[in-house]
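Here the structure comes first, spelled out in structure tokens, and everything after it is commentary.
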Amino acid sequence: MATAAQLRPGFYSETCPEAEVIVRDVMLKALIREPRSVASVMRFQFHDCLVNGCDASMLLDDTPTMAGEKQSLSNVNSLRSFEVIDEVKKALEKVCPGVVSCADIIIMAARDAVALTGGPDWKVRLGRLDSLTAKLEESNNIMPSPRANASFLINLFNKFNLSVEDLVALSGTHSIGQARCFSIMFRLYNQSGTGQPDPAIDPKYREKLNMLCPTNVDQNITGNLDATPRIFDNQYFKDLVAGRGFLNSDQTLFTFTETRKFVKLYSKDQNEFFKAFVEGMLKLGDLQSDQPGEIRRNCRVVNKRQLNTFWES
Ligand code: HEM
């Protein structure tokens, strides 16, 4: 079993001093080109780190012998903007080839997405390696559904040493970005098999959602996760208090008493939200792989093994 790497700020200060500037620059360009793309990249940290640690396993494309995580239940037709990571990697490989891992790129890019959209900025710990494989089954088993309720989510986060406060603060990432009608059809028309909508939805907001996602809609149509989807702020929590959360997994944080107090606090105090959020992101980023790794040259594929050169020589 590989030992966990010692993560620390400034890991590339000697081997690639411009790394963090380069990542932020590409993220800024992505934001200008397509504002939603930075939210989409931000989401990678959650989907990467929960599945065998932050090792960029979810960036691997399928191969004839390996079904990657891109096809998992939560990821397929949903994760997007992989090309932004490709662009970051290309820019880094030009300046310091073979030095900066894709797993670290995800961590820096997620931080930058938040900072560039008005949220907090913070120092990230770096020094991760990229996985040699991906785990479709694990992604299927671990990543939560938009139907999940707060007690399920509390248990899930607990397994990763993430507290109730971390759960609520990290869910605040839904302050930016969008989700598909696919993710809310059940709560609009058949919550928990009742044939009725989720009673926690504000009726005016439900009218809006019904217009966006009628029963015969193309379920890839998307809606905003909060009222200010391009700004990282505490509007998400204000929306939850008003019954205007988009996903069931969002609104449930206000329905349940254990999580409600944090939703209320963050809806009133953006600084408290930002503080708890940064802490949650650092903890999420500290989840490490127990498998051997490498620095991938291309985030979508593992490096060619030295074995070939051995046989050829
Ligand atoms: C607490 C459990 C969570 C659940 C159940 C959940 C679920 C979801 C779902 C269902 C979507 C929309 C997918 C679609 O319709 O295609 C989404 C979007 C998103 N999630 Fe989460 N999420 C959770 C936590 C997180 C965390 C911890 C982060 C980041 C740290 C995050 C970041 C995002 C972002 C930024 C988007 C919008 C992406 C875009 O616009 O492309 N989520 N999430």
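Counting begins at 1 with the first residue displayed.
A Cβ is built for glycine as well, from the same backbone N, Cα and C atoms used for every other residue.
TrEMBL records a disulfide bond between Cys299 and Cys102, which is the match among Cys102, Cys181, Cys213. Residues from the recorded positions list (His47, Asp48, Cys49, Cys54, Asp55, Asp233) with a C-beta closer than 6 Å to any atom of ligand 1: none. For Cys96 (disulfide bond), the number of other Cβ atoms no farther than 10 Å from its own Cβ, over all displayed protein chains, is 15. The recorded positions Asp55, Cys96, Cys299 include none with a CA atom within 10 A of the CA of Asp226 (Ca(2+) 2 binding site). Of all the disulfide-bonded residues given, namely Cys49, Cys102, the one with the smallest number of surrounding CB atoms inside 10 A is Cys49.
Between the binding-site residues Asp48, Asp55, Glu69, Asp226, Asp233, the minimum number of other C-beta atoms within 10 Å of a residue's C-beta occurs at Asp233.
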